[in-house]
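Working notes for the structure below.
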Amino acid sequence: MDTMRQRILVVDDDASLAEMLTIVLRGEGFDTAVIGDGTQALTAVRELRPDLVLLDLMLPGMNGIDVCRVLRADSGVPIVMLTAKTDTVDVVLGLESGADDYIMKPFKPKELVARVRARLRRNDDEPAEMLSIADVEIDVPAHKVTRNGEQISLTPLEFDLLVALARKPRQVFTRDVLLEQVWGYRHPADTRLVNVHVQRLRAKVEKDPENPTVVLTVRGVGYKAGPP
């Protein structure tokens, strides 16, 4: 197997959908593995070490929300939820449990591939770049965040969100702009993605998430970096 090919784990009990996803993703140059059970998905992630997980919300064994929560306890692997539900509560629960993004069924294959590529994009040849917000230091090429020498563990998406804010400390970012820059959306989308991930980021980087100094809310507009 080509070691440069990225591996996608598809977790879905719908065999026909899983087969379609496999065909589409392999056609785009990805390796794929398919699991149809939530509990087995946890073992598969440990054994296969995928670069990204496509995770259905409704699964036998363990539902997607619980799978997401368990994975996030010790893994930063990108997770994109697949859901047929339009229920706001389920989407938000999934995001709060650690999913990076979600896509509603039915979806166009090109849209799915774009979401996957947005979560996998990484530049291994990034030049040296050190950023800071308040007392938080960010080593961009090392993908490392510290406060007073203590490392703060972030998922790749949380890291990208923090870097986007830190690179333009005077700019107030609307949610739509963050969706484009961090998630790779090219059209208006669900701004709850931004709100939930800001909450998750604050829980990790703020000394007091209720009184943030790193990621500030600009009421009626969006978010900005706190003062250095």
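Placed from the backbone N, Cα and C atoms, the Cβ positions cover glycine too.
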Write down the one residue from Asp13, Asp135, Asp139 that Swiss-Prot lists together with Asp56, Leu59 as binding divalent metal cation.
Asp13
Quick one: among the binding-site residues Asp13, Asp56, which has the most Cβ atoms sitting within 10 Å of its own Cβ?
Asp56
I'd like the number of other C-beta atoms within 10 A of the C-beta of Leu59 (divalent metal cation binding site), please.
23
